[in-house]
Each structure stands twice: as structure tokens, then as C-alpha cells.
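Step one of this worksheet: look at the structure below.
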Amino acid sequence: MKALKKVSNILCVLGLCTLMGGTSYAWDGKKDGTGTHSLIAEHGLSMLNNDLSGNESQQVKDNIKILNEYLGDLKLGSTYPDYDPNAYDLYQDHFYDPDTGNNFTIDNSWYASYPIYDTSRNSVRKFATLAKNEWEKGNFKEATFLLGQGLHYLGDLNTPYHASNVTAVDSPGHVKYETFVEERKDNYALNTSGNDTTSGVYKEAMENPSFNKWMTQNSIKYAKIAKDLYYSHSTMSHSWDDWDYSGREAIKNSQVCTAGFLYRFMNEVSNGNTGDNDSLTNEFNIVLKTADNKYAGTDDNVYFGFETNEGKKFEWKLDNAGNDFERNQVDNYILKTKDGEEVDINNISNYWIRKERLTSISDDWELSNFKLIANGKVIQQQDVNKVFTGNETYYINK
């Protein structure tokens, strides 16, 4: 029952929030777009500006100019995930161990609530893909805000404690270390990577023709560096000098990683990069927004599915820990095919969203819009603006 699930989850969250202090304590970020996350985003862009080769295409230069004009939105986006009212209560998706591929809800034995499969690695890809989609429509302000959110999770990947799945429950060092770094962040700020955009991190950012695969590869690379830094210089048994070295390296890596990421993103939106030609996938990511009306939310079950040209059907129940489909809420779901079966996204004939009545009394649901992501691209999107009543299926033809 959803009600039982919610009660169990609330009890677990209340207990864990007491232990964790009610926050994830990653790199610090303030709601007004200041703090460590903001510094990383701003200096990552500053690096790109200063390192930009004169041989870059005019399209890249023009788009970087636009990005600079929306720096404030980039900084606001870079701190927003810590204040998002729709966020997981324990910020579970801000963690990612590159060796297990999981966040702490799966890896840490003390976590007794429902597992969360979102990680900072997945979140980087999701927000960058959504940002690219909006940028290509000319919605630069919204795109930059979404890109900033992606950079937030990229920063989390570079945080030693987050890349090791060591929470404030596991060690008091989590809060102490990140507070230590926050107090010294300005000492760690950089304005160049040491290379221009023809070499170094920028050259590496362009080596994989697939944006989606590169994002995954890049996240794993930097998370491994951060995890190694945790065990070598960042635990409670290490000295203040060790922590200073760790903080300096971690913030440097965050800024350099951000500069490379922004460079790749600018090339993607400038050159119409079509490197992601792989149409096979076993994983989808759907993002749905419930309307901002008084009775728009629902406790009924919601499903998403599609059918291939051969008539094979796939369907998933959309059910995260906590409350799904609340008024004005954006919900995100990672959908994996059974046994890792690969689906050709070019071979999908139609999609559907289905509401199933949970009790004898229907709990209507008003869906505003949705976006479906696969292989680093938004492959389906629609402003639905529809009220679902009773047991109802809404078909979306490709």
C-alpha cells in the first residue's frame, strides 16, 4: 500500500535526518547562488573563458558569450539541488561510488528504507540532457539553470566523502571535512586549467564522439580520483595538513572538471554534434511534472510504457520512495528493461501513460508535461495538460 510505504519512509527519514543533521553536507551552497558549488561553477566558466583558443568556431564563441550572460542562472542552478522541494529527503542522489555504481541506500547496511537508484552520475547526465534540449530551443535562461544543476552533481562526484558513500551517519568527518573546505574555498579558486582548449582536459572532453558515453566516462574518472583522495587524505585519522591538501585537490579537480564539461556542452549545442548514433539502450529516464492546481496530485498508481513495431510491450510502475505526483512536483524515474534487454529507440511505435485507481474512489491526477531521455537525448516530450480520472490510459504516438 502506498500509505504504508509513505509512513515507513517518513519514520526512517525522521530518524536518519536526526543522525545526519537533515542535510547532505556536500560542497556548501546557499539558496541565493553562493557558496562552494557556486564558486566551482563560476571559476569553471572563468577557466573556459581564459583557456579558449582563438581557433574555436564562431558558433562556440557565440554560445559561450550567451552562457556568460546567464552566469547568475548558472550559479543559482549550481546550488538549487540542495534546496529543491522535490528532492529526496536524505539527498541520496548526491552520492555515487564509482566501484559499485550505487549510492549509499544500496551499499550501506544501516540504511533500512527503500533503495534509491538515482546517483550523482545519473543526475549529471539527466540535467545536461535537459539543458541541451532547452538550449536548442533557444530557452537559454532555463537551459543554463538546468546546466547549473548538472554541475552541482558533477561537484558532488568530486567530493571525497560522496564518492565513497560515507555519510554523516558513517563518520562525523563528513560534516567536519566539508565545513573545513568551505571555510578555505577562496584559497583553492583557480582561473585557468593550465592549457588552452586544444589540449588537456578540453581535448579529453572531445575524444569520445558520444556525449552520453563521455558523460558517464567522465563521471567515473573523477569520482575514482575523489574516492582515492578520501582514503589517502580525508578521513578522521588524517591531519589538518592532509585535509588542506585534499580540499585543494578536490576543489581544483571540481573546477577543471567543470571547465571541460562546459566546453563539451558548448560544442554539443554549437555544432549539432550527432555522435550519439547508438539507438540501442536498456535504460530510460522519464521526467514528469504534475500541474500546479489545488487537486492536481494523486495517490493512485501511475505507469509508463511503450510498444515496439513488432508488438512487444514494456511497462513500468512509477514509484519512488516518498510521495510521488504531488502538486507542482517534478518526478524522475530511471527505467531499466528486464534482464538488460536492449531496445532500439527508433523501433518504438507508441508510448503511453496510465493511471490505475488504487481504491474504489478515484484520485484524479493532472499531468502538465513529460520528457523521456535515452542515450543522452530527449527522445519524446509533450505538454500533456490533461486530467486523468479513474483507470485511464493516455497514448502518445511517436
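Yeah, the Cβs are placed from backbone N, Cα and C, and that goes for glycine too.
Annotated features in Swiss-Prot:
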type	residues	note
BINDING	Trp27, His37, Asp156	Zn(2+) 1 binding site
BINDING	Asp82, His94, His152, Asp156	Zn(2+) 3 binding site
BINDING	His162, His174, Glu178	Zn(2+) 2 binding site
BINDING	Gly297, Asp363	Ca(2+) 1 binding site
BINDING	Thr298, Asp299, Asn323, Asp324	Ca(2+) 3 binding site
BINDING	Asp319, Asn320, Gly322, Asp324	Ca(2+) 2 binding site
DOMAIN	27-276	domain 'Zn-dependent PLC'
DOMAIN	282-398	domain 'PLAT'
REGION	273-281	region 'Linker'
SIGNAL	1-26	signal peptide
Whole-number Å value for how far Asp363 (Ca(2+) 1 binding site) lies from Glu178 (Zn(2+) 2 binding site) (Cα to Cα): 44
Pairwise CA distance, Asp324 (Ca(2+) 3 binding site) versus His162 (Zn(2+) 2 binding site), rounded so that it is a whole Å: 26
Position of peak Cβ density within 10 Å, selected from the binding-site residues His94, His152, His162: His162
Local confidence of the region 'Linker' (273-281) - pLDDT mean: 76
Winner by Cβ contact number (other Cβ atoms within 10 Å) across the binding-site residues Thr298, Asn320, Asn323: Thr298
Candidate binding-site residues Asp82, His152, Gly297, Asp319, Asp363, pick with smallest Cα gap to His37 (Zn(2+) 1 binding site): His152
Pairwise CA distance, Thr298 (Ca(2+) 3 binding site) versus Asp319 (Ca(2+) 2 binding site), rounded so that it is a whole Å: 12
Which of Asp156, Asp299, Asp324, all binding-site residues, has a Cβ with the fewest other Cβ atoms inside 10 Å: Asp299
By Cα-Cα distance, the member of binding-site residues His152, His162, His174, Asn320 nearest Gly297 (Ca(2+) 1 binding site): Asn320
DSSP three-state assignment (helix, strand or coil) for His162 (Zn(2+) 2 binding site): coil
Other CB atoms, at most 10 A from the CB of Gly297 (Ca(2+) 1 binding site): 20
Binding-site residues (Glu178, Asp319, Asp363), the one with most neighbouring Cβ atoms at 10 Å: Glu178
